[in-house]
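The next block holds one structure in the form of structure tokens; read it before the comments.
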Amino acid sequence: MAPYFLRNLIPRKEKRAEARPLLAVLAELTWVQWALFFSGWLSWTCDGIDFFSVSLSISRLQVQFNKSTHDITTAITLTLLFRTVGAIIFGILSDRFGRKWPLVANLVIIAVLQLGGGFVQTFKQFLAVRSLFGIGMGGVWGLAASTALENLPVEARGLASGILQQGYAVGYLLAACINLTLVPDTKTTWRSLFWAAAGISMFAAVVRAVLPESEVFLRAKAIRKAEGTSMSKATKIFVQESKAMLKRHWLLCIYAVILMTGFNFLSHGSQDLYPTYLRESKNFSPHNATVATIIGNCGAVAGGLVAGYMTFIPLWILPTSFGALAAGAFCIQFGVQGAWGVVRLLRFSSAIIRPQSSSQIPIQLAEMSPPAFRATFPGVTYQLGNMVSSAAAQIEATGGENLRTTIIKDGTLTDVPDYATVQGIFIGVVAAFVVFTTIIGPENHGSHFEKHKAAFQEGAAREDAVMIEEEDSPSKEGSRPTSLENEKGDRNEKRSIDRV
């Protein structure tokens, strides 16, 4: 059998599952389904606000701690490195005990640590808090995605996935707006941004706390109780099935990490050091740098609804005026988030290349995942990719220290880091890598993972471990019979046959 990436290049007939019209599906959603989706989106938005608070404050942090750009970006690197730890801890808790309270705890932790980050007095304290913050932040993505998507009908998940992913760009946008309006008018400057972000994260925790647990998880929990499986036995089963999943899907895990490495390099390479690039290489004022960042994130949100193109890179680095660079920022983030969000990948169909199914990163990872582990697998692989790409800002900062250019600053020819060239080369290489990796990878479009057994049920590591019948409609809350009801029906039918 040829490797998958070679078989994937052979034209094949397009498979289309029967699906209801999207508008009809959206009209049938209950308020609980809408609320859970909003909760997941809001959680991911908070992640963006909290993370990019550092990127937007680099110049002020340099003054506060008397450190270089390279030193300050160490905080970004440490946050990304420790996110994997949080993804593992909270992903396991979510797949074992439910979606609700692990996410609530997650959001409370990042709110407390973000609040504490605004009170630090030394650079070592700042690095310590941001490292711990990375652990808390690491769990958000996997839990937010499962909360937002698993209770929706399969027909709505593609659109919902694209909107969900743009929550991160919205978070960066909100952080930039706070940095533009609140920070300059307060004596605490950058600290006020951290405190505002903490308040928003706590609000997201309250929103999730007042909403019910995931219907899918409640159904699996009811089956466990009906079967008489104790908590300790369920935990043992969870450990056994986790080992079986890793043994069965280790190659898929490696691919997902490689894919997420490319996407995260693309994201962090174009975003983390961008405000610093505008100030130091283009001589922008802090105000104009923030405004350009806001415009760029508007492009990110818009791009998440269309597509991305490498051709935007020159528009991002070549201009020198505010208007041209702001337009370039809009275009490049349009492209970057287009790759993350609602992008229509080209697939082969009857020997003709044409757009097929939309493939967004949140739902693509969820559908690609071993179904019982759709909180742990996406969260951990995403954060492992983040860990590998954690040095993006430091790589660019080091490149800027060694590759220099001159600009006119206050009427004087001044030597500055050439971040434009460094980031242009970096993003171009990463974008090519992402395109190649995406083309050769697997896809499981339209997966009904909500029908699968939970991770604490025996056989959950198998792909065919279905919990509810295929014909059950996932469109309305309460409209689907549980696995327990199906099993009771089967037993009743068997008794009738025996009597006959």
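The backbone N, Cα and C atoms fix where each Cβ goes, glycine too.
Any TrEMBL annotation is an automated prediction that lacks curation.
Feature annotations, courtesy of TrEMBL:
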type: COMPBIAS; residues: 473-500; note: compositional bias 'Basic and acidic residues'
type: DOMAIN; residues: 36-445; note: domain 'Major facilitator superfamily (MFS) profile'
type: REGION; residues: 460-500; note: region 'Disordered'
type: TRANSMEM; residues: 21-44; note: transmembrane segment
type: TRANSMEM; residues: 72-94; note: transmembrane segment
type: TRANSMEM; residues: 101-120; note: transmembrane segment
type: TRANSMEM; residues: 126-146; note: transmembrane segment
type: TRANSMEM; residues: 158-181; note: transmembrane segment
type: TRANSMEM; residues: 193-211; note: transmembrane segment
type: TRANSMEM; residues: 250-269; note: transmembrane segment
type: TRANSMEM; residues: 289-309; note: transmembrane segment
type: TRANSMEM; residues: 316-336; note: transmembrane segment
type: TRANSMEM; residues: 419-441; note: transmembrane segment
Beyond the flanks of the transmembrane segment (126-146) by at least 6 residues, Cβ under 8 Å: 40-41, 43-44, 46-47, 50-51, 54, 61, 65, 74-76, 78-91, 94, 99, 102-103, 106-107, 109-110, 113-114, 116-117, 120, 161, 164, 167, 214, 362, 365-366, 374-380, 382-383
Tertiary contacts of the transmembrane segment (101-120), as residues 6+ beyond its ends and Cβ separation under 8 Å: 43, 46-47, 50, 53, 86, 90, 93-94, 126, 129-130, 132-133, 135-137, 139-140, 143-144, 147, 188, 191-192, 194-195, 197-199, 201-202, 204-205, 208-209
Reported mean pLDDT - the domain 'Major facilitator superfamily (MFS) profile' (36-445): 81
